[in-house]
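Notes for the one structure printed next.
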Amino acid sequence: MTTLRIEPRSLTGTLRVPSSKSMGHRALVCAALAQGSSQVEGVSVSRDILATCDCLRQLGAVITSREETGGRTAFTVEGTRPHQVGTEMDCGESGSTLRFLIPLAALTGDAFTFQGSGKLGSRPLEPYEVIFRQQGLVFRKGSARDNFPLTVQGPLRPGHFTLPGDVSSQFISGLLFALPLLEGESTLEITGKLESQSYIALTLSALQKYGITIEHENYRRYRIPGNQQYQPREGAVEGDYSQAAFWLTAGMLGRTISLLGMDPDSLQGDKAIIPILQKMGGQVVFEGDRLVSRPGTPIGTTIDAADCPDIIPVLTVAAALSQGHTEIIHAERLRLKECDRLKAMATELNKLGARITEKPDGLSIDGVEELSGGTVDCWNDHRIAMSLAVASILCREPLTLMGAECVSKSYPEFWQDFKTLGGQYEQCNG
Ligand SMILES: O=C(O)C1=C[C@@H](OP(=O)(O)O)[C@@H](O)[C@H](O)C1
Ligand SMILES: C=C(OP(=O)(O)O)C(=O)O
């Protein structure tokens with residue numbers, strides 16, 4: 001475990017944010033299903049992206065990579081119709097990888113064993129379990145409390161599917177990737193509240209780029225013609241708004257930060273970080289090719305997490321340091337991520353003198369002017385680690401962060417970038 005002692009200080013400067021992890025996963029999945037050679041360029045390699053590549057290889061895709069300038073990677077993907085090459089699918093800690101790959105493995109009719117680490121074994125899979133049971137397919141979990149090792153076996157058949165809309169949109173994306181390859185038409189209906197809809201929009205956009213047609217009514221009912229073929233293509237992955245959110249918040253709480261590589265017309269739901277910070281009094285604007293965040297005096301507000309769960313941890317930091325009161329609502333799903341993110345942020349920031357009350361589906365926050373500093377834990381969750389790093393800006397005393405290495409799940413260069421912006425830390429252990 002890596003423990004860092006961070007000196008409180010404002011960050012400032014210019015950075016190129018990593019490429020979107022969500023869009024990277026989608027491009028790699030689509031490329032692996034397209035017969036022929038695709039190029040997925042400008043990718044920031046993280047543990048989650050590597051897990052997706054490894055699993056796609058077990059289904060026959062041949063994936064090679066070369067380094068581009070600026071530390072990015074270009075993947076060449078020779079796609080194919082999924083067939084069994086290996087039997088083990090190691091998803092690491094990546095929920096996206098697990099939920100996207102299960103239906104793809106079930107296209108083959110062969111048995112696959114999924115493995116994973118961290119909290120992934122206890123993150124929900126029931127929506128798929130129900131579908132596999134309905135079709136009489138194998139879906140064998142390690143135990144009632146741990147999904148792993150998970151054995152699944154298709155072949156999945158076309159038909160009418162239903163999925164709940166409020167557990168994880170990743171189940172919906174996963175089925176949307178697989179169903180176009182079945183031999184007949186399928187329909188998919190979403191029941192209950194629909195959250196993380198923007199992620200389904202990202203999936204539909206990736207599918208369309210790779211030549212797949214899906215019709216939908218308001219994201220709740222889908223018609224998925226069968227016998228479709230993914231078409232290979234070349235494309236680069238844009239900057240990640242979920243990661244930009246850390247630096248934009250740091251800009252509001254400290255000194256000016258400029259980000260390169262962000263698409264103003266992005267479909268990413270986490271682009272909501274811009275209007276939310278603006279509503280809190282932040283000055284976040286595009287100036288030419290830069291997205292600039294200038295210091296402001298944050299004020300409390302209501303933040304709806306339904307469509308942008310991943311930026312809530314860092315917005316909790318902004319709210320904890322705002323004037324007045326903030327309510328974070330519709331955030332129940334944050335408890336199902338790499339850790340219980342509502343509990344983690346309330347527990348760790350309260351250790352530093354924040355005034356946060358946990359509610360079943362959100363957080364109630366009374367702002368304070370500054371935090372004390374002290375020792376906090378990252379809960380083995382990259383977004384908690386990066387959010388706490390941003391909180392260090394307004395600590396009176398140094399902040400000791402335990403488990404800082406977990407950022408590599410999505411952003412291995414985070415600590416380097418933190419330093420580039422003037423952050424100061426030293427490692428306290430090996
Ligand atoms: O599809 C995706 O790329 C993701 C969907 C979201 O999950 P939920 O749909 O479970 O909220 C998000 O939290 C996750 O980091 C990435
Ligand atoms: C929840 C996340 O990812 P995943 O669900 O893919 O593990 C995340 O990156 O914050």
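From the backbone N, Cα and C atoms, a Cβ is placed for every residue, glycine too.
The domain 'Enolpyruvate transferase' annotation in TrEMBL covers 8-417.
For LYS21, GLY95, ARG123, GLN170, ARG341, ARG383, LYS409, the entry in TrEMBL reads phosphoenolpyruvate binding site. The Cβ of LYS409 (phosphoenolpyruvate binding site) lies under 8 Å from the Cβ of SER46, ARG47, ASP48, GLY92, GLU93, SER94, GLU338, HIS382, each of which sits 6+ residues away along the same chain.
Sequence annotations record features per position, and here TrEMBL assigns 3-phosphoshikimate binding site to LYS21, SER22, ARG26, SER168, SER169, GLN170, SER196, ASP310, LYS337. Long-range Cβ neighbours of LYS337 (3-phosphoshikimate binding site) (same chain, at least 6 residues apart, Cβ-Cβ under 8 Å): GLY95, ARG123, PRO309, ASP381, ARG383. Taken residue by residue with DSSP, LYS337 (3-phosphoshikimate binding site) is part of neither helix nor strand, so it is coil.
The active site, proton acceptor feature in TrEMBL is assigned to ASP310. DSSP assigns ASP310 (active site, proton acceptor) to a helix in the three-state reduction. Here ASP310 (active site, proton acceptor) comes close to SER242, ALA245, ASP270, ARG383: these same-chain residues lie at least six apart in sequence, with C-beta atoms under 8 angstroms from its C-beta.
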*Around ligand 1, within a Cβ distance of under 6 Å, which of the binding-site residues LYS21, ARG123, SER169, GLN170 show up?*
SER169, GLN170
*Can you check which residues sit near GLN170 (phosphoenolpyruvate binding site), meaning Cβ under 8 Å from its Cβ, same chain, 6 or more apart in sequence, and list them in order?*
GLY95, SER96, ARG99, PHE100, TYR199
*Scan ARG26, GLY95, ASP310, LYS337, ARG341 for recorded positions whose C-beta lands under 6 Å from an atom of ligand 2 and note them, or write none.*
GLY95, ASP310, LYS337
*By a simple count, how many Cβ atoms lie within 10 Å of the Cβ of ARG26 (3-phosphoshikimate binding site), its own Cβ left out?*
27
*May I ask for the distance between SER196 (3-phosphoshikimate binding site) and LYS21 (phosphoenolpyruvate binding site), taken between their Cα atoms and rounded to an integer number of Å?*
15
